[in-house]
Amino acid sequence: MKNIYQIDALRGIAALLVVLFHMIPFWVYVFPGATAALAGGSYLGVSVFFVISGFVMGAATQRDARVSSFLLKRVFRVYVPTVVAIALYCVITQKSASLVDIFRILPSGGFAPYYGYGTYFITWTLTYEIAFYFLYAIAMRISWRYRTEVAVGLILLNALPMQYLLTGHITFNPSAVQQVSVFGHSFLNVAASIAINPINLLFAFGLGWYRVFDPVAKRVRGIAPTTLASWLFLSGGMVTTAYFFAKGYGVFQMGFFALVLFSSFVVLNMVQGPGKPNFGWRAGKNLGKVSFSLYLCHYLAIDLRTHYLPSSLNVAWHPFIVGTAVVILTMAFYLLIDAPIHRLGNRLAARLPVGQASATA
């Protein structure tokens, strides 16, 4: 499957929504309606991230059945840059943290779905990402050919019967899940709580879309322009309405509308084909390229303001100063840390021995 620049653009938009949400405390000084206008960005942005991750994992393993290669690439793509960002956060905020605190992204416990956040609080979403990678690796080991179906089955198993077994209840609201307390160690309880949280169903949405992408594309490419326009208008209206009124990450909350938005961008790709993107799509693709760096660095810029901007500075300047710092930190982090680490991971994965595919592949 060739690179889908519409999904890259959507990833960038999702990161930008989260950034704008976290900057609400600054925007309210120059835009009184900032809270109402930007509050939905966190729910929609994070939900879109998870749907995209499910789709991308299916595509990323389309030609490589090696579990070791998959995990190594994920470690260098997500975990290593995150550790660097946590270390920078501790330096910027002058927060005392041990090496264990820096390398640990698993939260210490708390209310769902965050479970105490962790050393650098925005990494709570990455605990779900990494948990999903391990689950997907298990699915690849069971059957590479049917890895998406197996992964969806494992997600459903965790989110429904295992949730009931460990908590005595079943809910599709990620914020309403009771934290697991049946194990004798807090690490196991938090890990189990993350595994059974229904927010993981968003990854299943993306995996499902990957599985049906090719057959659906064959039917959609001949769609009439008026039909496409009607679909985009309807889905755009649904997502816009949900942005202001839907709360939460669940599949019956903002998660559903994240799926609608993702589907719209995928359908656009199917209709437009793999041709060269225009200026707008190129800008979106470039934003998507740096989206992970943007996500990791934006709160570093916010904390720079908290610790280093003089209190005498007019608050009206704060959003613009923080916004500039976000751009500078993001580009520096991407060029000096994120991109080189990503390339290193790909090179190391390419050196791994090519094993024979499993019998079930």
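Residue numbering: from 1, along the chain as shown.
Placed from the backbone N, Cα and C atoms, the Cβ positions cover glycine too.
Note that the structure is predicted; figures quoted are calculated from it, not measured.
For reference, TrEMBL has these:
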- 4-335: domain 'Acyltransferase 3' (DOMAIN)
- 12-30: transmembrane segment (TRANSMEM)
- 36-57: transmembrane segment (TRANSMEM)
- 78-97: transmembrane segment (TRANSMEM)
- 117-138: transmembrane segment (TRANSMEM)
- 150-167: transmembrane segment (TRANSMEM)
- 187-210: transmembrane segment (TRANSMEM)
- 222-245: transmembrane segment (TRANSMEM)
- 251-271: transmembrane segment (TRANSMEM)
- 316-337: transmembrane segment (TRANSMEM)
Original post:
Who are the long-range neighbours of the transmembrane segment (150-167) in its own chain, taking Cβ under 8 Å and residues 6 or more past its ends?
Top reply: 57, 135-136, 138-139, 142-143, 177-178, 180, 182, 192, 195-198, 200-201, 203-204, 207-208
**OP:** Output the single range from 36-57, 78-97, 117-138, 222-245, 316-337 maximising the number of Cβ pairs under 8 Å to the transmembrane segment (187-210).
**Re:** 36-57
Subject >> Range from 36-57, 78-97, 117-138, 316-337 with the greatest count of C-beta pairs under 8 A to the transmembrane segment (222-245) >> reply: 36-57
Subject >> Residues from the same chain, set at least six apart from the ends of the transmembrane segment (36-57), whose C-beta lies under 8 A from its own >> reply: 7, 10-11, 13-18, 20-24, 27, 125, 128-129, 132-133, 136, 151, 199-200, 202-210, 213, 239, 242-244, 246-249, 253-255, 257-259, 261-262, 266
Original post:
Hey, which bits of the same chain come close to the transmembrane segment (316-337), Cβ under 8 Å, at least six residues off its ends?
Top reply: 19, 23, 26-27, 29-30, 81, 84-85, 289-290, 293-294, 296-298, 300-302, 304-305, 309
